[in-house]
Each structure stands twice: as C-alpha cells, then as structure tokens.
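J.: So Swiss-Prot says this about it:
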ACT_SITE  34  active site, proton acceptor
ACT_SITE  254  active site, proton acceptor
BINDING   130, 302  substrate binding site
MOD_RES   34  N6-(pyridoxal phosphate)lysine
C-alpha cells in the first residue's frame, strides 16, 4: 500500500467545538461540515459530534441529505439555499433550516407551497457583496414572510468578509448593518464565523457558525491555532521512499528549477499534487522528516515531492514524513504556499486514505 494517510483526530474536533461554545455561553452553534467537513470526512465528523452539536451547516442539498441520514433530529442549515425550484420539496422532507439569499429564492420558496413549515434564514448582504439582500429589500421580505404559513421561524443571517483581520473597518460596518435590522421581529440571529466566535463577542447573537476552527486551523491572520487553544485535527503523513546524492550544479525535479548550491542529499516523499498537496508549494516549504525539519526542493510532482536532507544525515528510506499535523501546523505550510489552511485541508483528495482516532 502506498505510504500516505490522513489521520483525523476526532477528539480534537470535539475539543474545538467545545471551545467555540465556551467563547459564547448560552449560545448555540452550527458545526460547519460543508465540503466533506473541510476534507476530514463528513460522516465521521457528524458522528463524532452527534451528541454535542446543536446543529450542522452545509452548502448543498446533497450534503444536507448525508447529514440527515446520520442525525434524525439535528438542525441542518443550508447555507446557500436551494439552487433550483425542484429542490424545495426535498428541503422540506429533510426539515432543513433554509437560507433565502435573494428574491429569486424567495419567490421559489413561496411558490413551492411546502406542507411542513421550515425555519427560514433571510440573508443580509452586510458588506461582503456575495450573497444576500440589501437592508431595504430584506425589510420587504421580512414583511412578506413574517406570518407566512410555510415559515416556522423567521431568522436573520449574514457573513463577515474580513473578520480574520482584527479591527478591520469593514467588520464594524457589517456589524452595524446587521444590528440596524434588529428592530424587526426575528426569532434567531446568526453572524459569527470562526474568527468572530473567537474575537468579536458583539457578533455572537443566537447561533454561532464555527467552521475552520473545528479542524484546528486558525481563522486569524495574527494568532496561531495553538495560541487560540485549538487542536489540529488532521495529520497528513507520508514516507521517504528514495534517497540520493546530488552534486553542486545538478537540478532536482520538473523544470530543473532547483539547483544544488552545495553537495546535497535529496529525499523523495510519497505525496504529490494528485493527493492535494499544492503544486505551487515553493522550494523551502517546511516538512518534518523523522520529526525534524526539512524543506522542499524543486517542484511538486503528481505523486511525489522532493526534500533537501543535506542537514539530516541520519534520514533513511522508510522514515515518516509529516506534511502537516501536530508537529507542523497546516497554517505554516499554507503561508509558505501563499494560501490558507482551509484550502490545504479541503483539497486532500479521495485517494488519500483517512484513518480516525477517537
């Protein structure tokens, strides 16, 4: 078997969910499990949080159906709403909390004539300008839906654009926009993503939406996961499968982009971009070999990558390699690659086996 595995610590996810709840006592929290629980395995994560989570949040009906099959009673928030008119009947059967983010969705919901009333979340475009009603339109839709028989709860939701950058002026503007609608009669309110859960108590409202923090990656630009008390959930582990000596002036990898400036010892690792490791990872990106730091040398290949082991003479074929995990944070690797931990975690592909610890 190819020596590559993503090991997921489900107890870390439970710890991180509990931390979110401790940040906002008496509030409830939707555990965000979209995109296969950010690459960690939705089935396993939902099962691990079955008795702890107040609800779950997903991006599409297919994800919602998977969660409902695992949890008969949890609230399931459909973050982007229904994409087609035909989906409303299934949303009703699944008893979803339904986001309505535009007039087209609102009209389709009214036309669906559902037999069972649903919890409806009107989405405010508070400044991100991605989804949602402007304040005036949202007020009009509140008036249309407040007493509609198809609506069980009428709720308010929005999403921050820059909460990861503390004290960003847009965050305060978005909060003020949200608060400006609370003269309306809403049953529940939700605004706080992971960054806001951790740093903006005024945004906690009734329902939190912890996402990336559940998986032990920091949502903040200036604080590490460890500083926030988060535990990493995924370790991506591979193995050294080859070693060779490379002379000064010789190159490594596709494009011959890495040139040895000294006699070099190069190791080949059983992980590549077809596994989700970014092809754009530059030379110098950190890895752990046998628990000690090494760096990438040359371009990442489809199934392999190369590391410079010149300073690790004790390294041997078969040694374990940690691409990220408990010893090397996914956020540090992401920074080296010019991206975010969100992307690295969610892009680990299906051909990488997942193993779970509890």
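Along the chain as shown, the residues are counted starting at 1.
Keep in mind that glycine also has a Cβ here, set from the backbone N, Cα and C atoms.
Could you tell me the structural context for the features on the list?
T.: Secondary structure at residue 34 (active site, proton acceptor), as computed by DSSP, is helix. The C-beta environment of residue 34 (active site, proton acceptor), restricted to residues of the same chain at least 6 apart in sequence and closer than 8 Å, consists of 57, 58, 59, 60, 63, 79, 211.
The Cβ of residue 254 (active site, proton acceptor) lies under 8 Å from the Cβ of 298, 299, 301, each of these being in the same chain and 6 or more residues away along the sequence.
For the recorded site, residue 130 (substrate binding site), the DSSP three-state label reads coil.
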J.: Once near-sequence residues are set aside, which residues in the chain of residue 130 (substrate binding site), 6 or more away, have Cβ atoms under 8 Å from its Cβ?
T.: 159
J.: Only counting partners 6 or more residues apart, tell me which same-chain residues put their Cβ under 8 Å from the Cβ of residue 302 (substrate binding site).
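T.: When sequence neighbours closer than 6 are ignored, residue 302 (substrate binding site) has 272, 273, 274 within Cβ distance under 8 Å.
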